[in-house]
Every structure is written in structure tokens, then in C-alpha cells.
Amino acid sequence: MQVLRAEEMYDWDRKAMESYGREGQVLMENAGRAIAEEILRKFPETEKFLIVIGGGNNGGDGYVIARILKDRRRIATAVQVVPDEKIKGDALYHKRVYEQSGYSLSSLSEEVWNENTVLVDAMLGIGVKGALRAPFDELVSKVNESQMHRISVDIPSGLPADEGVKEFQAVKADTTYIVQAPKQSLFLDHTAGYYGEWKVLDIGLPPMASPKVSREIWTEGAFAESFPVLPGSAHKGTRGKGLIVGGGRMMPGALMMAARASIRAGAGLTTAATVRDIIPYLTPSLPEAMFAGTGESSGVISSVDPEVLEGKDAVAVGVGMGREPESRPVIEMLLSRTSGPLLIDADGLYHLRFLLDDLKKRQEVTVLTPHFGEMAHLTGEEVSEVKRNPFSLSRSLAYEYGVYLVLKGPNTIITTPEGSQIIEPSGNEGLSKGGSGDVLTGVLLTMLMQHESPVKALANGCFLHGRTAELLISKNRTVLDLLPTDLTDGLSLTYRTFLPR
Ligand SMILES: NC(=O)C1=CN([C@@H]2O[C@H](COP(=O)(O)OP(=O)(O)OC[C@H]3O[C@@H](n4cnc5c(N)ncnc54)[C@H](O)[C@@H]3O)[C@@H](O)[C@H]2O)[C@@H](O)CC1
Ligand SMILES: Nc1ncnc2c1ncn2[C@@H]1O[C@H](COP(=O)(O)OP(=O)(O)O)[C@@H](O)[C@H]1O
Ligand SMILES: [K+]
């Protein structure tokens, strides 16, 4: 499913009407009807509805919804909150249909704000611009203060559809019925919460006319379909031989978690490279792994023998490595000498800031997996700015350095060097614990060795990680006690659920 910006949504709409014979009035009927049916399904017993109608096409959808609710004998109070001259085009057509059905409009008296009434917010859609003007500024506050269940039509009124907007005032919806395609703000840290529970409804825009943007949501169907089938004749070489460089005297656990996750995800052979002293302590928890000792300076990795790279299908570096400058040459060496995919995470990303020229020179597949803070460090932006513009900042970085970028968060955004984007929304707050990222690194390393397409490898790895957290919560864990190490052992749950082979 594509995720669109407002302008892209309008293009689709325009093209549907201009080149594919779709009528605006029909599309509006479809939108309103689809939403009204959902409302009736969700509230089969509720009698009273309040529909607040604004001046654009969002308000037009509101007229259709009000008519259908009344047709179904519900007590639907429709209030138009803008002067009559603001209602134009398709919205005016549907206002007339509403009136010709014998239905009338009400005024916004105090009695309509009743907690036993469900509120349908059809004030403003994706056409909102700038700070809210009267009467919407006061209405949005009033709506948010009310105790009513709030259903927003397409988008919570006042909320920007696109990334980048800093200040806004918007309805905090309990439920949002999104018209045709989710908009960018559904996936942004500071706006996602306004949508409440959400569902996307098809209103009949022709898929042939959809805008040529590659910004898609990754689904369980995509996972099951694109996950490579392991032949019965598989041997460890088929599954991939991976190397993880990381850990040190202070953070051996990060390496342990990444290596174990890589093995559990299905790698043929995983080698963990770290300072020699800690290897004996790691072996009991990693009996399947191989180990390689690295050069050491005051407890941190200071060098890796390039011979360790021989026969490795992919390499990951950075977990638990520390930020001491002594480790920097390791990243420098790996950037120039790793011939397969190279994944850089955690402290490796910290060092990378000082090695951007080397990064640019590298031709082979390179994957960076920053969280918001690491992305801010890499780009020199404020964290808040990264959170507000994750799509465009990811694209610029991926394009400038020719890398695959996995910007981690509740909605992880994966970007290819060409700028295609996948949104991977699985997971829950149980993952916001030190170590979840290390597990992800191990999983991604394995996926990179087994998939032909790096972007599918990354999307599937993020899905595997996030969906495992969800399945564990639905079984015997909670978001409070979930541990990153539970994820590793829980990977089987996701495999068994979605790839029952
Ligand atoms: N394919 C589609 O895109 C379809 C979209 N539909 C609906 O149409 C909506 C988009 O319609 P519009 O483009 O008319 O946009 P809106 O319904 O968001 O209305 C925009 C109007 O609101 C007013 N406005 C904008 N910013 C404001 C502010 N800050 N303060 C006060 N008033 C402000 C202006 O008068 C502006 O013309 C969608 O969200 C969706 O609900 C449906 O009708 C069916 C088809
Ligand atoms: N609230 C959340 N909802 C869903 N996924 C989350 C949430 N918080 C964190 N995650 C996921 O957990 C992982 C955390 O990675 P990272 O921040 O690098 O952790 P660490 O510090 O343990 O390395 C990422 O995959 C991220 O997408
Ligand atoms: K709305």
C-alpha cells in the first residue's frame, strides 16, 4: 500500500477524473458511504451522531455520511460550521442531495456536545494550510475537550498530511477512516498519535492512475511472499557465512545478542570478532558461533585482520564497540575491504561521521541502521528535525552516500540509494530497551545473506523483529518485561506463523 503526500493524493484524484472518467461526485459518495458503513459497523447500537462539516471536500464527505446515517434511522445532527458560500463543487452537490432528502442542518448549540453521541469530524481534510482560523481553532479545542468518541474523516482536522510541519492544532481522534491511501503524517513521531485507531478505505480511485511514488507499507503478505525458500539441499554456505565485529570489555552483551540473533534467524555460520579476553566468556552462550580475536587498545577493538573477511558473505559492525577513536580504523578498513554487504550500526555509526569520504567512495552494498539520535548525529540535524522529516532526510542521506538506510523507530523507514522507501510498522514499546537494536543487527545480517534484494532483506528483517515482539506480547510477555534476548528465541514464533514450511 502506497503512502502519499497531499499533492500526490490530489494528483491521483485529478487523473482519475480527467483521464479515467471518474466523477468527483461519485468518488465523494464512495468515500462518505465507505466511512458511514464502517461507523455503523463499529457502533451498531449507538443512536446519536454529531457530524461537524467544514468548507472543503472533507465537509462534502461529511454531508454524505450524515445522509446515510439518517437514512439508517440514526439520530444524526449535522452542523455546517462555515458560511454557505464556502460550500462549492462536489460538496455543494452533496449538500443539495442531503437537503433534497428532506434532511436539515442544525446549529452548534451546547446540547450537541453530549457524551452519548459519537462525533464525526469532517471539518478539514488534507487541504489544511497554516494556523487554524476561526471557527476551527476554537472548535478543535472544544472537540478535544469533549468526552465523545471522535471519528475523523480521512485525517484528524488540522493535522498536516505531509512531513515537515512544526506547529499545528488538531483533533485528537479515537478512530480515523483514511480515504484511499495513508498519508505521511500517519507514520511521524509527533503526528501518528492523533489518528487513534485507523483503517484505510478504498473509494474507487483507479490503481492505474496512482502516482508513481515508491513509498510503501511492508505487510505480512509481502514478508511471506518475498522470503526466500531454503532448498532441501541447503548447506551452511547456502544460508550464508556472516561476520559481526563489535563488543569489547565493557559491552560484550551487544555482540552476544547480535550473533545469537543472526544464528537463530537462520545464518549458516556466524563469526563474532572481538577483543580476545572476552571470548571465553561469550562461548557458553554462543556455542554455535565461531570467534575471531581482534587487536585491542584499553579494552576496545583497535584493529581487525582483513583475513577474517575471507569467505564471509556479509559483515556487520558497531554493536557494543564503544566510541573511542582507537576503534575508528576498524570501520575505515571494513569500508574499503568488505566486498559483500556491510551493515554499520550503533557506535559504528558514531565513527562513520568522521569517515564520510570513505563511505562515499565505497561501491558495494552498505546499510546504515540509525535510530533518530544516531541519524541526527550523522546528518548534523536536531533530533526533533529528524523526527519531523524522516522521509526526506533519509532520502537525501541514502542518495548522497549511495547507501541503504534503516531509520529505526515505531515506524521504521527503509530507503534505497535510489530513494525508494518502505515503511515497516510492526513492533511495540516493549522494544524500547537497550539491546533490541543489537538483535535487529543480527537478524538483518542474516537476511542480507539470504535475499537477493537488499531492500527486501531489510524489510523482512525489520518485520521479523517487530512481529516477534508483537507475538510475544500476545502470548506470555508484556511490553514491560519483554527482553531483547526473548526476541531472539521468539523468532521461531514469527517463522512458524508466517512461513509454515
Ligand atoms: N481522492 C480524494 O482525494 C478524495 C478526497 N476527498 C476528501 O476531500 C478532502 C480534501 O478536500 P479539500 O482539498 O477541499 O480540502 P479540505 O477539505 O481540507 O478543505 C480545505 C479548505 O479548508 C479551508 N482551510 C484550509 N486551511 C485552513 C485553516 N488553517 N484554517 C481554516 N480553514 C482552512 C480552506 O477554505 C480550504 O479551501 C480529503 O481530505 C477527503 O476527505 C473525498 O471527497 C473523495 C475523494
Ligand atoms: N515504541 C516502539 N515501537 C516499535 N518498535 C520500537 C519501539 N521502540 C523501539 N523500537 C524498535 O526497537 C529497535 C531499537 O533499536 P535501537 O534504538 O538501536 O536500540 P539499542 O539501543 O538497543 O541498540 C529498533 O528496531 C526500533 O524500530
Ligand atoms: K477531518
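Cβ atoms are placed via backbone N, Cα and C, with glycine included.
Listed by TrEMBL as binding K(+) are D121, S157; the candidate from N57, N58 that the record includes in that site is N58. Same-site candidate for AMP binding, as annotated by TrEMBL with K408, G409, P410, N411, T412, chosen from G434, G435, G437: G437. Taking a C-beta cut-off of under 8 Å and a sequence gap of six or more, G60 ((6S)-NADPHX binding site) has these contacts in its own chain: M28, G32, I87, G89, D90, A91, L92, Y93, H94, K95. For D121 (K(+) binding site), the nearest neighbour among the binding-site residues H371, K408, G409, N411, T412, judged by Cα separation, is N411.
Largest CA to CA distance in the AMP binding set (K408, G409, P410, N411, T412, G437): 14 Å, whole number. Taking a Cβ distance under 6 Å to any atom of ligand 2 as the criterion, the binding-site residues K129, S157, P410, T412 reduce to P410, T412. Confidence across the domain 'YjeF C-terminal' (219-498), taken as the mean pLDDT and rounded to a whole number, stands at 96.
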